[in-house]
Structure formats: C-alpha cells, structure tokens
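Noted in Swiss-Prot for the protein shown:
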BINDING   E22, L23, E82, D287, K361, R368, R369  N(1)-(5-phospho-beta-D-ribosyl)glycinamide binding site
BINDING   R115, K156, S161, S162, G163, K164, G165, Q166, E196, G197, F198, I199, E204  ATP binding site
BINDING   E268, E280  Mg(2+) binding site
DOMAIN    120-309  domain 'ATP-grasp'
Amino acid sequence: MTTFGTPLSPSATRVLLLGSGELGKEVAIELQRFGVEVIAADRYANAPAMQVAHRSHVLDMLDPAALRALIASEQPHLIVPEIEAIHTETLVALEREQGQKVIPTARAARLTMDREGIRRLAAETLCLPTSPYRFVDTVEEYRNAIAAVGVPCVVKPVMSSSGKGQSTLRSEADIDAAWAYAQTGGRAGAGRCIVEGFIDFDYEITLLTVRHAGGTSYCDPIGHWQQDGDYRESWQPQPMSAAALRRSQEIAKAITDELGGWGLFGVELFVKGDEVWFSEVSPRPHDTGLVTLVSQDLSEFALHARAILGLPVGAQDGGVIRQAGPSASCALLAHGNGVPVFDNVAEALRDPDTALRLFGKPRVDGHRRVGVTLARADSIDAAREKARVAAAALTIQLQA
C-alpha cells in the first residue's frame with residue numbers, strides 16, 4: 001500500500017484482527033501509527049487489542065457462518081489472524097472466491113493452525129530436519145508411536161497453544177497421564193496428537209523472519225526458556241555459531257518462502273553445536289518476541305505492521321534488523337480467579353533500562369500470562385536478572 005486514508009471515514013484502510021490478545025494489541029497500536037482503522041475480534045469481550053481498536057466484535061471464530069458474516073459486514077482490506085483458533089477453511093474460500101487478502105496468506109493460516117499441516121510440509125515436502133514424529137488418533141496408535149520414537153518423547157495435541165495439553169514423557173509410567181492430558185488440553189477437545197522424539201539440543205531459538213516488499217530479513221536469534229510448554233523468559237541475541245545461524249536462516253527462508261505472503265514469522269528451531277532442527281512456525285508475531293519491544297529499533301509488531309502494509313522495514317535485501325544490545329523479557333503470571341490488580345509498579349521500574357507491559361487481560365481463570373517485564377544490560381545474564389528482579393517486585397492480586 002502507498003496510500004492511507006483516515007480512520008472512521010470512507011477513505012479508511014481497514015484491518016481486521018482475528019484474535020485480540022497481547023500480541024494483537026501491540027500490532028493494533030503499530031497499525032494505528034499509520035492511520036489504519038483497526039477492528040478487533042475475539043471469543044471474549046474486552047480482550048487486550050479490543051481496548052485500543054476502533055471497534056470490536058465478540059464471536060466464535062471457529063464458526064464459519066459467524067466468521068463470514070463479520071468479514072462481509074466490515075469489508076476489511078486486510079485480515080490478520082493473530083491466533084490459531086480460527087475456521088481457516090473459510091479464509092481460504094474467501095481468498096479464492098472474493099480475492100480477500102489474508103496475512104500472510106490463507107494457505108499459511110490453514111497450514112499453521114495445527115501441528116500436522118506444518119510438520120508434514122516441513123519434513124515431508126521441504127525435507128527439513130525435524131525430530132522423529134508420529135501422528136496418532138487412538139490409544140493403540142499412541143503406544144505404538146512411543147515404541148517407534150522412543151522415551152523420552154513429547155506428546156502434544158495437534159491443535160493447542162501455550163503448552164496446553166503438552167507433556168514430556170520421561171518414562172513408561174507417564175504414558176497414561178500424558179495421553180489423558182493431551183485429550184483434555186487441546187483447543188478442539190479430545191482428538192489427534194503428535195508424539196515427537198526427544199532431540200538432545202543445546203538450546204532452542206525463535207528466529208523472527210520478515211517477508212516484505214524488499215525481500216526477507218532476519219532479527220537476531222532469540223533464546224527462550226519454557227516451562228510446561230509455555231514461554232517464561234526470552235533474550236536477544238542468543239549466542240550461536242556462524243554456521244548454526246546460517247543454517248537457521250536457510251531453514252527459516254525455506255519454510256517462509258513456501259508459506260508465502262508478507263509479514264513476520266516466528267520460526268522455532270532446536271540447535272546443537274552447528275546442527276539445527278525445525279520445530280514450528282507461526283505466521284505472526286511470537287510471544288518470545290516480546291523482548292523486541294526494547295531490544296530492536298523496530299519491534300516484531302512494528303515489523304509485522306510495516307511488512308503487511310507493504311512499507312520498508314529498515315533492512316532491505318536480506319539485512320538484519322538493528323539490535324540495541326543484550327535484552328531480556330520475563331513473563332508475569334497470575335494464578336487463581338478474578339480481575340488482576342498490580343501493585344509495586346514503581347519498584348518494578350526502579351532500575352534504568354527496565355520496562356513493563358501490562359496486557360489488560362480482563363480476567364484470570366486458572367493460569368494466565370498478564371504482563372511482561374523487559375530489560376537491557378551489558379550482558380544477556382545481567383539483562384535476564386534485571387527482568388526477573390523487576391517481575392519479582394510486582395505484586396499481582398485477583399479481585400472478585
């Protein structure tokens with residue numbers, strides 16, 4: 001796009017966000033910097049991106065009729081999926097029937113909505129290195145898969161996110177519990193799972209890869225630590241060998257070129273020495289990439305907004321996005337039931353080069369990420385410690 005109108009006028013450039021969490025909120029803010037009219041949709045009211053959008057809608061995005069009705073009503077110029085729980089076949093049909101523009105493409109949204117589509121594309125079509133794996137539907141298939149890939153292994157529903165339904169099976173004593181959890185933790189309820197062989201990796205990274213009008217660009221690699229399959233800390237840059245970085249970029253380019261379109265992709269990789277294995281890819285900003293709010297001249301959200309609008313991202317012809325030095329993020333978690341209230345915010349921000357984002361989640365029921373602390377320092381270890389200290393200073397209460 002080279003022309004932008006005025007929001008809430010007939011000339012407006014309209015973008016529909018399908019998913020309105022904390023990542024969508026940051027994308028909405030970046031889009032509005034260019035005068036884009038942002039419409040936010042999700043399955044619950046007052047989601048974070050809804051709080052900054054021009055207007056919002058609550059609907060079941062897995063309902064094809066409801067999704068079609070929303071798109072027909074809003075007539076967006078761009079549809080930007082921000083979560084996996086969307087009836088992506090509807091997006092594919094609308095792209096084919098009406099030329100509706102889906103970011104990065106409707107096919108990419110469909111392939112990445114579950115682990116099977118993207119794993120088969122990576123391993124079987126593109127022949128990228130991955131862990132050994134089996135897809136299973138029944139307990140018998142599940143047990144046979146464990147025998148084939150070996151123990152330890154990882155069991156995940158094909159449709160889940162943020163570690164829901166995911167288990168690391170370390171002995172045969174874990175077999176029944178891992179299956180039961182996978183059948184209750186997925187987005188679609190009981191159903192198909194992937195059993196993945198365990199890779200003895202040194203570390204795992206997210207390589208934020210931007211496809212844009214000027215080519216493909218890469219952010220510095222992001223290291224991260226997960227617990228129960230969910231992001232807890234991330235840092236940038238992750239030290240790695242030149243050979244491993246080069247191979248990571250080759251794998252990232254292969255998978256993102258195949259998915260096509262413009263936008264930012266979060267490519268997850270396992271690394272051991274100079275060896276690299278593909279794990280997963282998200283065709284949108286990644287939670288581990290929250291660190292880029294302080295680590296880069298353009299955050300992952302700014303890069304995504306610029307790329308999908310056809311604007312320069314500041315690193316043409318395959319260049320690397322400018323990095324601000326060792327940086328880290330630490331997730332803020334709330335447990336229980338109620339509306340989150342934060343205390344000691346000033347104490348959390350006491351140290352220089354420390355920042356905070358509170359997501360505005362309207363409610364916590366069980367376990368939820370409600371914010372993130374961010375820090376820069378002279379080393380990765382110092383930045384991680386500073387982010388942890390800031391997180392520990394905050395008090396989170398849940399009010400009825």
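For all residues, glycine too, the Cβ spot is worked out from N, Cα and C.
Distance between Cα atoms for E196 (ATP binding site) and E280 (Mg(2+) binding site): 12 Å, as a whole number. Over the domain 'ATP-grasp' (120-309), the average per-residue pLDDT in this prediction is 94. Around E268 (Mg(2+) binding site), taking its Cβ as the centre, 19 other Cβ atoms fall within 10 Å, counting all chains. In this structure, the CA atom of E204 (ATP binding site) is 23 Å away from the CA atom of E22 (N(1)-(5-phospho-beta-D-ribosyl)glycinamide binding site). Packing around E204 (ATP binding site) is summarised by its Cβ count: 20 other Cβ atoms lie within 10 angstroms of its Cβ, all protein chains included.
Geometry remark: R368 (N(1)-(5-phospho-beta-D-ribosyl)glycinamide binding site) versus G165 (ATP binding site), CA distance 15 Å. Counting only the Cα atoms, the space from E82 (N(1)-(5-phospho-beta-D-ribosyl)glycinamide binding site) to G165 (ATP binding site) is about 20 angstrom. Using Cα positions, the member of the binding-site residues R115, G165, F198, E268 nearest to R369 (N(1)-(5-phospho-beta-D-ribosyl)glycinamide binding site) is identified as G165. In the three-state DSSP reading, E280 (Mg(2+) binding site) counts as strand. Listed binding-site residues: E196, E280. The one with the lowest count of other Cβ atoms within 10 Å of its Cβ is E280.
In this structure, the C-alpha atom of E22 (N(1)-(5-phospho-beta-D-ribosyl)glycinamide binding site) lies 31 angstrom from that of F198 (ATP binding site). Of R115, G165, F198, D287, K361, all annotated as binding-site residues, the residue with the shortest Cα distance to E280 (Mg(2+) binding site) is R115.
R115 (ATP binding site) is surrounded by 22 other CB atoms, counting those within 10 A of its CB over all protein chains shown. For R115 (ATP binding site), the spatially nearest entry among the binding-site residues L23, E268, D287, K361 is E268, judged by CA separation.
Looking only at the binding-site residues G165, F198, E268, the one with its C-alpha closest to K361 (N(1)-(5-phospho-beta-D-ribosyl)glycinamide binding site) is G165.
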